[in-house]
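A.B. asks: First the structure, which I've put down as structure tokens, then a few questions once you've had a look.
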Amino acid sequence: MQHRGFLLLTLLALLALTSAVAKKKDKVKKGGPGSECAEWAWGPCTPSSKDCGVGFREGTCGAQTQRIRCRVPCNWKKEFGADCKYKFENWGACDGGTGTKVRQGTLKKARYNAQCQETIRVTKPCTPKTKAKAKAKKGKGKD
């Protein structure tokens with residue numbers, strides 16, 4: 001008799017566990033990409049600490065809200081955002097008056113419906129010619 005009771009209890013526990021797993025899968029499917037909502041509006045990726053690294057992006061569609069993991073590269077340019085991808089030309093010649101080089105970038109891809117400029121211009125300081133350093137390295141190897 002005890003054997004039958006133990007077997008019945010085990011069968012009920014297994015049935016309850018299977019039912020709970022099925023309900024959990026249904027909940028995941030309802031909020032995921034297969035939901036009725038087609039036009040998600042995604043916000044920017046907000047890093048969890050400092051200004052780069054792993055973080056979260058919030059999306060809304062009607063009354064639904066979702067948070068997904070994302071990553072902001074640590075070498076991103078804050079002026080035009082991490083979700084705007086550009087194809088850049090080569091650096092231009094050094095402008096002696098300002099001491100900077102300029103290049104232009106054309107928008108290649110806007111991720112997560114980001115508002116991006118079609119073209120951007122970026123500058124960087126000109127690097128001084130380093131011929132003296134190159135000669136010094138050659139001389140060090142010879143004894």
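Cβ from N, Cα, C; glycine included.
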A.B. asks: Mind checking which of CYS37, CYS52, CYS61, CYS70 has the disulfide with CYS45 in Swiss-Prot?
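C.D. replies: In Swiss-Prot, CYS45 forms its disulfide bond with CYS70.
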A.B. asks: Going by Swiss-Prot, which one of CYS52, CYS61, CYS116, CYS126 is joined to CYS94 by a disulfide bond?
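C.D. replies: In Swiss-Prot, CYS94 forms its disulfide bond with CYS126.
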A.B. asks: Could you pull the disulfide partner of CYS61 out of CYS37, CYS116, going by Swiss-Prot?
C.D. replies: CYS37
A.B. asks: CYS52, CYS116: which one closes the disulfide with CYS74 in Swiss-Prot?
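C.D. replies: Disulfide mapping in Swiss-Prot sends CYS74 to CYS52.
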A.B. asks: Of the disulfide-bonded residues listed here (CYS52, CYS74, CYS116), which is spatially closest to CYS126 (disulfide bond) when Cα positions are compared?
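C.D. replies: If we rank CYS52, CYS74, CYS116 by Cα distance to CYS126 (disulfide bond), first place goes to CYS74.
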A.B. asks: Quick one: what's DSSP say for CYS84 (disulfide bond), helix, strand or coil?
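C.D. replies: For CYS84 (disulfide bond) - judged by DSSP and reduced to three states - the answer is strand.
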A.B. asks: Can you check what DSSP calls CYS70 (disulfide bond), collapsed to helix, strand or coil?
C.D. replies: strand
A.B. asks: Secondary structure at CYS116 (disulfide bond) (DSSP, helix/strand/coil)?
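C.D. replies: The residue in question, CYS116 (disulfide bond), is coil (DSSP, three-state).
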A.B. asks: Nearest of the disulfide-bonded residues to CYS61 (disulfide bond) by CA-CA distance, picking from CYS45, CYS52, CYS84, CYS94?
C.D. replies: CYS45
